[in-house]
Amino acid sequence: LESEKVEKSKSLERQKEIETKLFEKETKRAEIAEKTITELEEKFLSVQNEVKIKGEENEKLNSKTQKELLKSKEEERKRKEVEDEKLQVDEENWQLKRENEKVNYQIVRMKQKFGEKIVDEEIQMIKSKEKEKDNKINQLEEMNKQKDEQLERERSEKEKQKKRADEADERTKIDNEKFIRAKQEKERKEEEIKLLKEENSKLKQENTKLKEENRKSKSDIPENYPIKIHNPDPQDISFTDINRVQKKISKNQTKDNTVSLTQVLENGIWQMEAEFQNSQCIATIGIVEDSYVIPAGAYPWGSPYKEHMVVYTGKNYKGSIWQRGKEIDGNTQFSDNQIIRLEMDCEKGRLTFFLNDVQQPLFISGIKDKVRFIIYTYHQNSICTIRSLKKLVAPTSKHFANEKAIQW
């Protein structure tokens with residue numbers, strides 16, 4: 001049972017260590033995420049500022065483009081007027097050609113009718129007038145050509161401006177997409193941080209709960225106390241430490257001797273476990289008044305020792321309990337290699353006996369004095385191993401039907 005409790009304590013400590021490492025890992029992860037969010041927020045602000053600048057540039061560009069478009073429309077109107085004029089001139093040229101053909105025909109007829117000289121003079125006059133018209137037509141055509149070239153330059157510039165505006169719109173679109181992606185990434189990171197914070201909060205709560213459970217578990221585990229013993233006869237009795245917890249009491253001679261533990265039982269619940277070997281069942285275990293100093297050669301049924309002691313006896317005695325020298329039957333007497341446990345509840349003034357984990361019916365009640373645990377052995381080579389001395393949180397003894405109290 002004790003090893004199970006120790007194992008449980010180690011398991012809880014391992015679990016606590018794992019949970020602590022997990023908590024530290026998650027905390028570090030949350031710190032990295034928060035740092036990433038800060039960087040994203042800075043990037044987000046930078047992109048937002050860049051988008052704002054691009055927007056202002058686009059507004060300026062759009063304003064300029066609108067002005068150029070108005071100018072282009074005005075130029076387009078003028079070009080159309082020129083083209084209309086050109087069409088009108090072409091129409092006039094065509095008409096002139098038709099008239100010229102008629103004139104030539106009439107000249108031929110006039111030459112035949114009026115004579116060649118008069119006709120030639122008329123022709124020269126007509127040619128002079130036609131030359132003036134041709135010069136005027138050439139001037140108009142040159143003006144049209146210049147207008148066409150100007151319109152072509154304006155159209156080319158308009159296309160360049162449109163291309164620049166489209167490129168600016170595309171850059172704005174890309175910047176907006178970057179802005180949206182950065183915003184989405186920021187929101188995703190914020191959600192991730194929120195989840196991490198919630199997870200960390202849960203881990204902190206679980207860690208606090210585990211600490212509390214571990215604290216309660218530790219408080220529930222009986223505390224081992226060091227075993228120290230008064231030795232009234234060092235020549236007969238010797239002690240040996242075992243595993244830094246247990247203590248072995250060895251008899252070197254065949255004679256009466258009683259030893260007591262130094263621990264004074266005055267408050268709380270105390271428990272001692274012991275096991276006898278080679279005792280030939282001439283051995284007892286019990287309590288003594290703390291005020292009484294046990295001399296060498298003392299035994300629990302002789303005066304003046306018995307007036308200060310109560311003991312639980314081995315099989316070779318008449319009574320299972322000796323109460324201040326009085327024999328009382330009722331408990332199962334112990335043999336060698338059996339585990340005897342005494343439980344002293346100082347708050348209730350009750351001493352309970354256990355044999356191999358079985359609670360015995362006779363118990364001592366009404367103990368108001370400070371007491372100490374005692375052990376008696378007689379034969380040479382007798383051994384009593386005190387397995388443990390503990391202070392409990394709660395008693396292990398119970399009340400049952402055939403129990404019987406013996407007054408201290």
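Positions of Cβ are set from backbone N, Cα and C atoms, glycine also.
Annotations in TrEMBL come from automatic prediction, not curation.
Straight from TrEMBL, the features:
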| type | residues | note |
| --- | --- | --- |
| REGION | 60-84 | region 'Disordered' |
| REGION | 127-175 | region 'Disordered' |
| COMPBIAS | 127-136 | compositional bias 'Basic and acidic residues' |
| COMPBIAS | 142-175 | compositional bias 'Basic and acidic residues' |
| REGION | 204-236 | region 'Disordered' |
| COMPBIAS | 204-221 | compositional bias 'Basic and acidic residues' |
Composition by DSSP (helix, strand, coil) of residues within the region 'Disordered' (60-84): 25 helix, 0 strand, 0 coil
Long-range neighbours of the compositional bias 'Basic and acidic residues' (142-175), counting only residues six or more past its ends (CB under 8 A): 47, 50-51, 54-55, 57-58, 61-62, 64-65, 68-69, 71-72, 75-76, 78-79, 82-83, 85-86
Structural state census, the compositional bias 'Basic and acidic residues' (127-136) (DSSP three-state): 10 helix, 0 strand, 0 coil
